[in-house]
Amino acid sequence: MTDYSNSPDLKGSVLGQSTEYIDQYTPSLLFPIARKLNRDALNIDEAALPFKGQDIWTGYELSWLNAKGKPQVAIAVFTFACQSSHLVESKSFKLYLNSFNQTRFNSRDEVKQHLVKDLTAVVNSLVQVTLYNADEYNCLPYTPLPGECIDDLDIEIDNYDIDAHSLKSQSNKTVTETLHSHLLKSNCLITSQPDWASVIIRYTGEQICRESLLRYLISFRTHNEFHEQCVERIYSDLSTQLSIKNLEVYARYTRRGGLDINPYRSTHNNDTPFAVKINRQ
């Protein structure tokens, strides 16, 4: 497996570094990371992506001052197309949002315009931004994940190194089913801090051996990679190792630094059809 944690493209990242918290609007704090780094390791051609999808970020700690100096707060939902050339490094995103804290803006719409402009410039693709007042944000209450949970399978685990070849078919019978697990854990590519997630897998194809799928997902437990990259790896491995016609992979990660990241990849949908929010978020 290719290790790109020491790539020159990651130099300058604030992850793992002591940083100064700036409270005046500073868009230059945003640090882009090329999606190509991970995709090259997976033999994914960026000119002909094998999937569609989006990365949905929720920002719970956005605040600024109005024209009179009175603090305003909002919850922000940011949607990045997976076709964008770059993603935003999460700590730089947090620092960027903090830079709004003591900056005066004339309106919430002006804040949104800055967010859209800055993020779009960093990832080279239009970013959708929706701002909610604190009392408005109830559009995603906790809902049970769709499909069957595979976490209660009684299996023995003795390997925590990702092995795509461990994925097996249960039978040649073609099925359409939705499975989910709350046992996905990966680690930050730079800092090795743990990242926790629940993952939904919906597919049409030869029936997946659930024991092999659970072992595979658990094998991410010691793996260092960004959230979006883990989901693309899961999608790629399932597509490569199994006879699957339609596939959707959606992970809901718990928040860190006031942000949660929720990547979705699909053979056929640009937007996730799963309106879910896990209770750990």
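Just so you know, the numbers here start at 1 and follow the chain as drawn.
A Cβ is built for glycine as well, from the same backbone N, Cα and C atoms used for every other residue.
Of all the Cβ atoms in the protein chains shown, 19 others lie within 10 Å of the Cβ of Cys188 (active site, thioimide intermediate). Residues annotated as active site, thioimide intermediate in Swiss-Prot, with sequence analysis given as evidence: Cys188.
According to DSSP, Asp195 (active site, proton donor) is assigned to a strand segment. For Asp195 (active site, proton donor), the number of other Cβ atoms no farther than 10 Å from its own Cβ, over all displayed protein chains, is 23. Annotated active site, proton donor per Swiss-Prot: Asp195, in sequence order.
According to Swiss-Prot, the substrate binding site annotation covers Val88, Glu89, Ser90, His227, Glu228, on the basis of sequence analysis. Here the Cβ of His227 (substrate binding site) has 24 other Cβ atoms within 10 Å, regardless of which shown protein chain they belong to. Look at His227 (substrate binding site): DSSP puts it in a helix.
DSSP classifies Ser90 (substrate binding site) as helix under the three-state reduction. Annotation source Swiss-Prot lists NADPH binding site at Ser90, Lys91, Arg256, Gly257, citing sequence analysis.
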For this session: Ten-angstrom check, please: count other Cβ atoms within 10 Å of the Cβ of Glu89 (substrate binding site), all chains counted.
Result: 22
Exercise. About how far apart, in whole Å, are the alpha carbons (Cα) of Cys188 (active site, thioimide intermediate) and Asp195 (active site, proton donor)?
Worked result: 7
Seminar exercise, completed: As a whole number of Å, the Cα atom of Lys91 (NADPH binding site) is distant from the Cα atom of Asp195 (active site, proton donor) by 14
